[in-house]
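Trainee: Pasting in a structure now, in structure tokens, and then I'll have a few things to ask.
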Amino acid sequence: MAPLVLPSVLIASAYLLSTVSAEPNVAELVGTWSTKSAAVLTGPGFYNPVNDTLLEPTHTGISYSFTEDGYYEEAYYRAVSNPAKPSCVSSIMQWQHGKFVLNADGSLSLSPFSVDGRQLQSAPCTADSATYTRYNQSETLQKYQVYTDPYTKLTRLDLYQFDGTPVNPMFLAYSPALMLPTETLNPTTSATSTSSSKMKRWLGYGDEPEEPTTSEGYLLPLNRNAKHISRGIEQPSLINRIDLDLVWWAGVGLTIFGGAAYLL
């Protein structure tokens, strides 16, 4: 019986190690993940909270970002085909951020900041303009997998929806994550920033920005001077800030003035 003891112990140890290694681990989720084209990325390149606008990427795609302290951000850009009229392709852009929980069973529970989500729907064949609205949708992801893709050799993330339907595979694009501030960016009368101390750390100042006037319960327009929003948003270059029309007319004026001075 003694010779059988060692193999049994080894088998039990191997099983224990495999069980431990299979436990959910937030650290492996940390970073910004994007589908293959990498055209869609979370952060200020997709949603600009200063102007409250969604920025259309060059290609459709999905991006998720996660932090080790339990915050997430997601960006979706999808095309919706029209079988009856193939030339009439609609599009949907969605952006959310908030908090997530990695559950013991490996599932993910995503709870967005309810007032911050944005959705832009465009149907050029049925509407003269796009529809821009607030968007708030909690999510449950049944499971996830992080591994090295055997074909691309890149770190890959597979997410599965609540019913087990796989989301398009994503690959690690940034680590640490490329994200907007992990707090409420567009507070309303019924929702405030996540933490005043956290806000102050972002701002670097002791006072929070004043709230603009309200309209139908929403703060409109957004506080464009709020440093916790504008920080990290790329400012336009000097060339982009120059009024080219003004330069042209100034050139015309100098030419006329020079010609008149020459004749005199």
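The backbone N, Cα and C atoms fix where each Cβ goes, glycine too.
Annotations per Swiss-Prot:
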CARBOHYD  N51  N-linked glycosylation site
CARBOHYD  N136  N-linked glycosylation site
SIGNAL    1-22  signal peptide
TOPO_DOM  23-243  topological domain 'Lumenal'
TRANSMEM  244-264  transmembrane segment
Trainee: Within the topological domain 'Lumenal' (23-243) only, compute the mean pLDDT.
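Mentor: When the pLDDT values over the topological domain 'Lumenal' (23-243) are averaged, the result is 80.
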Trainee: According to DSSP, does N51 (N-linked glycosylation site) sit in a helix, a strand, or coil?
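Mentor: SS state of N51 (N-linked glycosylation site) = coil.
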Trainee: Which one of these glycosylation sites has the most other Cβ atoms within 10 Å of its own Cβ: N51, N136?
Mentor: N136
Trainee: What is the separation, in Å, between the Cα atoms of N136 (N-linked glycosylation site) and N51 (N-linked glycosylation site)?
Mentor: 20
